[in-house]
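According to Swiss-Prot, the feature Ca(2+) 1 binding site maps to Asp21, Asp23, Asp25, Thr27, Glu32, an assignment based on sequence analysis. The Ca(2+) 2 binding site annotation in Swiss-Prot covers Asp57, Asp59, Ser61, Thr63, Glu68, and the record cites sequence analysis as its basis. Residues or ranges marked as Ca(2+) 3 binding site by Swiss-Prot: Asp94, Asp96, Asn98, Glu105. What Swiss-Prot lists as Ca(2+) 4 binding site is Asp130, Asp132, Asp134, Gln136, Glu141, and the listing cites sequence analysis. Here Swiss-Prot flags 8-43 as domain 'EF-hand 1'. Residues or ranges marked as domain 'EF-hand 2' in Swiss-Prot: 44-79. Here Swiss-Prot flags 81-116 as domain 'EF-hand 3'. Positions annotated as domain 'EF-hand 4' by Swiss-Prot: 117-149. Taken from Swiss-Prot, the feature N6,N6,N6-trimethyllysine covers Lys116.
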Amino acid sequence: MADQLSNEQISEFKEAFSLFDKDGDGTITTKELGTVMRSLGQNPTEAELQDMINEVDQDGSGTIDFPEFLTLMARKMQDSDSEEEIKEAFRVFDKDGNGFISAAELRHVMTNLGEKLTDEEVDEMIREADVDGDGQINYEEFVKMMMSK
């Protein structure tokens, strides 16, 4: 997967890797990963950091080396393609283009897809995705809903 990256991308990722690799030993530890993530406003637990490292740690060293980091970044870039698909899907649901999906818009699209839903079922779908409780689904809520499927 990492072999699909351009030289420019690889050198950008090398730079990013160096930012993570605080002590310059060629690997990223959970401690280093945590430091960088906290500097980006995230607050991962030790277990989450370990999971992130284990996901790409192919040689079982408990750390991420540069080839493993490239694999991780290549995966993330592939995932961003699906982000474009999610944006497209949101636009399909958001008939009036106001940035929100209302119950009526959701019902309309589901009916067009051949799903016969009761008002209660549509309301339930909205309720499940509607994190801020305003009765409609905004883009962030839609992304969360799609990513959790």
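Using N, Cα and C of the backbone, Cβ positions are placed for all residues, glycine too.
Features as recorded by Swiss-Prot, highlighted on the structure.
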{"residue": "Asp25", "record": "Ca(2+) 1 binding site", "CB count, 10 Å": "11"}
{"residue": "Thr27", "record": "Ca(2+) 1 binding site", "CB count, 10 Å": "20"}
{"residue": "Asp59", "record": "Ca(2+) 2 binding site", "CB count, 10 Å": "10"}
{"residue": "Thr63", "record": "Ca(2+) 2 binding site", "CB count, 10 Å": "19"}
{"residue": "Glu68", "record": "Ca(2+) 2 binding site", "CB count, 10 Å": "21"}
{"residue": "Asp94", "record": "Ca(2+) 3 binding site", "CB count, 10 Å": "21"}
{"residue": "Asp96", "record": "Ca(2+) 3 binding site", "CB count, 10 Å": "10"}
{"residue": "Asn98", "record": "Ca(2+) 3 binding site", "CB count, 10 Å": "11"}
{"residue": "Lys116", "record": "N6,N6,N6-trimethyllysine", "CB count, 10 Å": "7"}
{"residue": "Asp132", "record": "Ca(2+) 4 binding site", "CB count, 10 Å": "10"}
Tell me which of the binding-site residues Thr27, Asp94, Asp134 ends up closest to Asp57 (Ca(2+) 2 binding site) in space, Cα to Cα.
Thr27
Enumerate same-chain residues with a sequence separation of six or more from Asp130 (Ca(2+) 4 binding site) and a Cβ-Cβ distance below 8 A; give 'none' if the list is empty.
Gln136, Ile137, Glu141
Give the helix, strand or coil assignment DSSP yields for Asp94 (Ca(2+) 3 binding site).
coil
Enumerate the residues of the same chain, Asp130, Asp132, Asp134, Gln136, Glu141 excluded, that satisfy the criterion Cβ within 8 A of the mean position of the Cβ atoms of the recorded Ca(2+) 4 site; list them in sequence order.
Phe100, Ile126, Ala129, Val131, Gly133, Gly135, Ile137, Asn138
I need to check the long-range neighbours of the domain 'EF-hand 1' (8-43): which residues 6 or more away from its ends have a CB within less than 8 Å of a CB in the stretch?
49-50, 52-53, 61-66, 69-70, 73
When you measure from the Cβ of Asp23 (Ca(2+) 1 binding site), which residues in the chain that are at least 6 apart have a Cβ under 8 Å away?
Glu32
